[in-house]
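The active site, proton donor/acceptor annotation in TrEMBL covers Y138. Here TrEMBL flags 12-18, 107-110, K142, 165-168, H181 as NADP(+) binding site. If you look up TrEMBL, you'll see K189, W242, R249, D320 marked as substrate binding site. Per TrEMBL, domain 'NAD-dependent epimerase/dehydratase' is recorded for 8-194, 236-270. The feature site 'Important for catalytic activity' is assigned by TrEMBL to S109, C111.
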Amino acid sequence: MISKSSKIYVAGHRGLVGSAIWNNLKKKGYTNLIGRTHKELDLMNGSEVSRFFDQEKPDFVFLAAAHVGGIIANNNYRADFIYRNLQIQNNVISESFRHNVKKLLFLGSTCIYPKEASQPISEDSLLTGPLEYTNEPYAIAKIAGLKMCESFNIQYGTNFIAVMPTNLYGPNDNFDLEKSHVLPAMIRKIFLSKALMDNNWDTINRDLNVRPVEKVNGESSKDEKVSILGKYGITDKHVKLWGTGKPLREFLWSEEMADACVFIMENVDFSDLIEDKKEIRNCHINIGTGKEISIHDLALLIKETIGYDGEILFDDSKPDGTMRKLTDVTKLNNLGWKHKIEVEEGVQKLYNWYIQNI
Ligand SMILES: NC(=O)C1=CN([C@@H]2O[C@H](COP(=O)(O)OP(=O)(O)OC[C@H]3O[C@@H](n4cnc5c(N)ncnc54)[C@H](OP(=O)(O)O)[C@@H]3O)[C@@H](O)[C@H]2O)C=CC1
Ligand SMILES: C[C@H]1O[C@H](OP(=O)(O)OP(=O)(O)OC[C@H]2O[C@@H](n3cnc4c(=O)[nH]c(N)nc43)[C@H](O)[C@@H]2O)[C@@H](O)[C@@H](O)C1=O
């Protein structure tokens, strides 16, 4: 059983989900948390990870460190997404086994499911069909992580649980104009287009100082800024987003994701998830809201939240990815956890966070 003084390692504790898990644990009174930044500990490096576990001997591990990005990053940097994720998770899961970690939570993704899975997607859909092309290497790494947890549990009796979150968003999100996920990308693009339209250079400069785009920051010339933002579809009249706008996506606020992770760490064991003792499989847990919105409607929601009068265009030369990936959250709900924050509220919260952090 986990207790308030258990030694808990949060891998990736500065990231979107890891930071939310860290804060959630602190709020709940856990006092013995360990975290290392990427600079302090490269999880790709097996001997460094081994030394870290020898020294710290954590009892519980949240594996929220990974190489993460949106559709274009996944599609373009395919080798990085499979290699880095396999390496990180192999190192952390194998060291957790070697050090008798009492429970580990591995974070996968709902992109592990077949592109044409029937909707909503239940845990049993795993490995029933071909994957979506744009994130296939990442998905294969995540499937390997899930199977590694399951296999160690079956062969060695460990208690490693794999959770599969839907698309997440929240404080400490990645707002990169090329590599991020859709929700933070849309907020920033629409926000910058509005600032261009309003001729609000103070705001544009602050934004580019916090998050320079291809070396262009607040000090660069106006022409350079206009030209670089234009490259990303941001102008003083319109914003050009990716794909057709028709795909449907489901969004979970990262702090709720963290709450679900801590809930599972506190209340669920691998043995609770086994349905067929002869063939143990599909014991992972979907984490989501079970609700979806089209990318087009999401853009309109963000447009309204920001108070943007410009035009929203879609560039269908960019990929749509999976058309639909709605999670079946029956298992999670039956375990006793349910989301509360809907996307309308979440978009407002993330927009508030964004403007407070530029
Ligand atoms: N965001 C989303 O929409 C979704 C995320 N997930 C999964 O949830 C988990 C958390 O994702 P999220 O919080 O969004 O990702 P982030 O990119 O926000 O955080 C990942 C963290 O891992 C760290 N990290 C990456 N590589 C290394 C390394 N080699 N050594 C040490 N640390 C490293 C990063 O540090 P640094 O930035 O310094 O490299 C960062 O702090 C991941 O497993 C992801 O696949 C699943 C579904 C959706
Ligand atoms: C969580 C999940 O996230 C990834 O999958 P994804 O859901 O397809 O990722 P996404 O958030 O980047 O895009 C969602 C949709 O939105 C559209 N879209 C419009 N305009 C922008 C835009 O400006 N940026 C982005 N990124 N997408 C845009 C985009 O074309 C697509 O149709 C996985 O690779 C993998 O990382 C994973 O696990």
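Just so it is clear, glycine is given a Cβ too, placed from its N, Cα and C backbone atoms.
On the structure: features taken from TrEMBL.
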| residue | record | DSSP (3 states) |
| --- | --- | --- |
| G12 | NADP(+) binding site | coil |
| S109 | NADP(+) binding site | coil |
| P165 | NADP(+) binding site | strand |
| K189 | substrate binding site | helix |
| W242 | substrate binding site | strand |
| R249 | substrate binding site | strand |
| D320 | substrate binding site | coil |
- Item | Those binding-site residues in G12, G15, S109, P165, L168, W242 whose CB falls under 6 A of ligand 1, listed in sequence order | G12, G15, S109, P165, L168
- Query: When you measure from each Cβ to the nearest atom of ligand 2, which of the recorded positions G15, G18, C111, P165, L168 fall under 6 angstroms?
  - Reply: C111
- Pairwise Cα distance for L168 (NADP(+) binding site)/R249 (substrate binding site) [Å, integer]: 10
- Whole-number Å distance separating the Cα atoms of R249 (substrate binding site) and G12 (NADP(+) binding site) is 25
- Message: Using a 10 Å radius around each Cβ and all protein chains in view, which of these binding-site residues has the most neighbours: G12, P165?
- Response: G12
- All chains considered, the count of other Cβ atoms within 10 Å of the Cβ of G15 (NADP(+) binding site) is 22
- Task: Write down the Cα-Cα distance for W242 (substrate binding site) and G15 (NADP(+) binding site), rounded and given in Å.
- Result: 25
- Neighbouring C-beta atoms (10 Å sphere around the C-beta of D320 (substrate binding site)): 17
- Item | recorded positions (Y138, W242), the one with most neighbouring Cβ atoms at 10 Å | Y138
- Task: Fill in the CA-CA distance, K189 (substrate binding site) to G18 (NADP(+) binding site), as an integer in Å.
- Result: 25
- Query: Just counting, how many other CB atoms are there within 10 A of the CB of C111 (site 'Important for catalytic activity')?
  - Reply: 24
- Query: Checking the recorded positions G12, Y138, P165, which are within 10 Å of C111 (site 'Important for catalytic activity') at the Cα level?
  - Reply: Y138, P165
